[in-house]
Amino acid sequence: MEQSVSAEQIELKSSLPGSKKVYVEGSREGMKVPMREIELSDTNGVPNSPIRVYDTSGPYTDPEYKVELEKGIPTPRRNWIIERGDVEEYEGREIKPEDDGVKAASNHTPVFPQMDRKPLRAKKGANVTQMHYARKGIITSEMEYVAIREGVEPEFVRKEIAEGRAILPANINHPEAEPMIIGRNFHVKVNANIGNSAVSSSIAEEVEKMTWATRWGADTIMDLSTGKNIHTTREWIIRNAPVPVGTVPIYQALEKVQGIAENLTWEVYRDTLIEQAEQGVDYFTIHAGVLLRYIPLTAKRMTGIVSRGGSIMAQWCLYHHKENFLYTHFEEICEIMKQYDVSFSLGDGLRPGSIADANDEAQFAELETLGELTKIAWKHDVQVMIEGPGHVPMHLIKENMEKEIDICQGAPFYTLGPLTTDIAPGYDHITSAIGAAMIGWFGTAMLCYVTPKEHLGLPNKDDVREGVITYKIAAHAADLAKGHKTAQQRDDALSKARFEFRWRDQFNLSLDPERAMEFHDETLPAEGAKTAHFCSMCGPKFCSMKISHDIREYAKENNLETTEAIEKGMKEKAKEFKEAGSHLYQ
């Protein structure tokens, strides 16, 4: 088994080209909110102001930070948590070999060699969720941090959390995480799924995927590991993750019963929840809406039940002919969640896995139950978001958003795409980004990325990059459509740079500067091409923007308005044509 992960084992890159890490200070000492500042060149001697953008990359892009993965990243939130006075350290549960799928203790690797702190939990009778604080009228340090990142007032953040329209996923045992918010009145967020399988990947690879995904803009990470070393892989990811980490606890619980769904018990699952909460998982996908009576509704589907968690619980329900134990024990789950401030991501175990099954009775029956469970969670002041489909054609997407807002009382929606067609394996990052942009516009708060490997295999780091960038495009397009007050600043800056032929600024303002520069340099690699007033698409004679510049220059020289310049130029060209004999070809 693997002993540790070092910075030398994975590729860690500095900040993106033309950018630098900057920090905005909050009201309390030591609160530093990260931003990425993109420096811009002058336009004919007139300075262009730098553009600041949201940054998810954590300390890895700070040139003053020394990466030591075996120690984990800094824990700025720990003091905030302790100062509130409502938590206590305790010994925590014993880490067992079976947590990593190992039978003998002699084969078990130490989980995280330099972990020297005990887990935290709420003191007896206390509730430590951000929703609980918000409902008491308290603006926490986390809420202020989020307000600075989003460019809004802290009171607005508090109110959105208190009313359930947004969540701030921040387990008290994940102090490494930089606070962020998920809600339809904030920037649309992107989640990246990582995790090993029974046949592929290592701890080092998964840690690298995490740092890689956050570099390109992933707002949260889900560790969906189903292979060996589940506990240890998760520990290394969380200790080094600057963003919230989510999981599907039923996957690990299933490993503890040797992969036999019918052998699952509430006791095994409960133990797994506590194990992961003590590690610092920020949100759990829990498929508590897959009820026994809904399973027959999937019988006539084209693709049945495609959710792994949903199919596991359906199999358990049918084998025992009992109601889903996640549903029957939901109040007890809430009691665990509020001790650590773990947020619910209520799973859509009956989501459609094909266009043929979109918006069917099974899907919406489960959604009704998720609405019921949302009310129960809110009774405990536990934060909730709702997971959504799936495979949905464009004309049926809006109905999903409208039903979710109505049935789940406006809780944030978190969707996988949706994929808008089933005919493009290898390109499902595109088929799903179409749906993601639409549903983000309609109100979805977070989009779960899809990589080119969807339906085909486990994604590697290049697939992760492709998936994140594709979904950042969808999320930004949704922000523009919703009229988010700061969304268009970057578009306008890039458009201005494009019109002024500031090529390097164009590259640096893009979501993937390295790819933009690479494509440009394939045909025009010379340094002089970075200042040329054309690209290889049109060349120097047919560049529309160069022609526009020429028209403006002509108008300026002749003291004309642009429209007058065009008319005058047209008349002059017509005169030249007639004087040359009116021949089409000279």
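Using the three backbone atoms N, Cα and C, a Cβ is placed for every residue, glycine included.
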For the substrate site that Swiss-Prot assigns to Asn193, Tyr251, His287, Ser307, Arg308, Gly309, Asp348, Gly349, Leu350, Arg351, Glu387, Tyr414, which of the candidates Met210, Met222, Met401, Met438 is also assigned?
Met222
Within the region 'Disordered' (38-59), residues counted as helix, strand or coil by DSSP:
2 helix, 7 strand, 13 coil
Substrate site span - longest C-alpha distance across Asn193, Met222, Tyr251, His287, Ser307, Arg308, Gly309, Asp348, Gly349, Leu350, Arg351, Glu387, Tyr414, in Å:
20
Expressed to the nearest Å, what is the distance separating Gly309 (substrate binding site) and His455 (Zn(2+) binding site) at their Cα atoms?
16
By DSSP, how many residues in the compositional bias 'Basic and acidic residues' (92-102) are helix, how many strand, and how many coil?
4 helix, 0 strand, 7 coil
Measuring Cα to Cα, how many angstrom lie between Tyr251 (substrate binding site) and His455 (Zn(2+) binding site)?
19
In Å, rounded, how far does the Cα of Ser307 (substrate binding site) sit from the Cα of His391 (Zn(2+) binding site)?
12
